[in-house]
């Protein structure tokens, strides 16, 4: 052992260190090997620490140097932001190749116990040339990236070099052991728990403090003035008139051109169909060749809404009939808001695709079971009846959009994949590095959602027809109906028959973004997996997909989720799906919400009266009394404004700050996909110039890299 009494402090110039401050510690002993170590602190204002940093080098044969203090000495208390601390280390035993650097922070008595953001460590072996005057020579530096916060409570943190590799590629037993130890440590800290029966499991944490600094983030809000909406908080009553509703809208939507367009056209049939394809929930509508057996309708009464001389059977055969089916809402208990019972419906809707490419509703049945008190509403019915029927459908769509299309398919799926990645893929695994920039933020945002939006007195409790009692019911039903094919864009669009629709801009853009991401992921897989056998033999990868199948898809065979991977194409498709759902799909279903929901009648979150059982008894003004109260309307809009604003510092799709993407094959792949995504953005911009209502939610420059809100 080398005693601390043999430590001498002195400054040492080093031209390769770009920093204002550095320190050198020389350990004096009869040494066999000598190393120069440079410890880098991130150049951010709060990244430094007063704590003592102890450092150990670990060799390929398992031998290690005694821990030394990097910032010892009376005048060297602080690891400064942007500093590079230079340490010279001698070893009395042969280390061989240095494969790990162990760091430990220890709080210093009398000083703040600050977290420290380590950028990384460089290790250079020094060799003694025998020629006269040659002195010590530097060998090439080995880099041990860190790019994370270290805390005094973390204990030992071991860094390895930045080369990504699979377990089967490891040739050093010390590194194999380190992989296992790293995963074991994370599995002790990151565990699963049941959020609700029949729903994907979540991380077993309830606060951001448990999450720690490396899995949490600060989102810079662009700043929104919501005082006007908050002023309605005490008005637990219906809107007095459409004029009053329009006044509220004008104060909040005057600068939102999409919202103003929605207000102008929300009652028109073509715009109802447009929203099925390009609104904030483009995942429900599907082509149908057969009428639902529980739709009580004589096909002849639909002929006036079809092309001259055509029948419903002919239109079904042509593929021009589409269906919305909200059967998952049947029997779901409705909320009580402001002391008033709310109501839900489970509609069936037939839509017809006309020769102009417009999708228009032609029949609406508001409940699943046919009967005399469940009439089928038609475009030829009195105007208020037909408008109310469409509004009921929009309310049902709101419930399915929020909990199935949005929360389940982006937030919960991302959290499942993130938790499984942290537990089963070590940081050195190439898929860990590829996926984490797209999924890491889901843990924090979902913990916050469960503690606020989905909790007592949150927005679901106070403003949404599907309240806290119904929430687990609907999520469980959505999970049971979830299919892996529906998460993969080419399969989903083809299965629903919307991939060729002229005016389905979501489908066009989604397919282009998916294709670019799939090429990127396939290239990444090709770099690290030479053949299918490498995929099959990657035990860490197989444990990862098993955990996702178990905790995300709840071991439901009919989900179609892979239970293992045998080929590179299977792996590439699944990883593409994860990245797409946590970036592009989230952009489509989240950032569109205020645009389509700001004019509340277009998408009410609840209804205060039951679905109508007769026709011809309603006036248009009476519709207003069925819609949400003033305070619940404004409470919901406040939440949607907060959720629909991109962060001031958001990271666009496939823009990476992590060092692994900055060189070699990863950098070339990133540059290629970024060029493809830029071309897609340019094409969408050119197309939108020709559209009355632009669709830009899937433009890559507007897609956030992960679910961060």
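Just so you know, glycine gets a Cβ as well, placed from its N, Cα and C.
These features come from TrEMBL:
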type	residues	note
BINDING	48, 71, 115	Ca(2+) binding site
BINDING	406, 411, 586, 709	Fe cation binding site
DOMAIN	33-164	domain 'PLAT'
DOMAIN	165-709	domain 'Lipoxygenase'
SITE	149	site 'Essential for stabilizing binding to COTL1'
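Applying an 8 A CB threshold to same-chain residues 6+ apart, the list for residue 709 (Fe cation binding site) reads 219, 445, 590, 642, 643, 645, 646, 647.
The 10 Å shell around the Cβ of residue 586 (Fe cation binding site) contains 24 further Cβ atoms across the protein chains shown. Taking H, G and I as helix, E and B as strand and the rest as coil, DSSP gives the domain 'PLAT' (33-164) the counts 3 helix, 68 strand, 61 coil. There are 20 other Cβ atoms within 10 Å of the Cβ belonging to residue 115 (Ca(2+) binding site). Taking a C-beta cut-off of under 8 Å and a sequence gap of six or more, residue 411 (Fe cation binding site) has these contacts in its own chain: 442, 445, 446, 449, 586, 707. When the alpha carbons of residue 48 (Ca(2+) binding site) and residue 149 (site 'Essential for stabilizing binding to COTL1') are compared, the span between them is 10 angstrom. Long-range Cβ proximity for residue 149 (site 'Essential for stabilizing binding to COTL1'), meaning a same-chain Cβ under 8 A and a gap of 6 or more residues, is found for 115, 116, 117, 118, 212, 213, 214.
Confidence over the domain 'PLAT' (33-164), given as mean pLDDT on the 0 to 100 scale, stands at 88. Shown in sequence order, 281, 586, 589, 590 are the residues of the chain, 6+ apart in sequence, with a C-beta less than 8 angstroms from the C-beta of residue 406 (Fe cation binding site).
Neighbours of the Fe cation site: apart from 406, 411, 586, 709, residues of the same chain with C-beta atoms within 8 angstroms of the site's C-beta centroid are 407, 410, 445, 589, 590, 643, 707.
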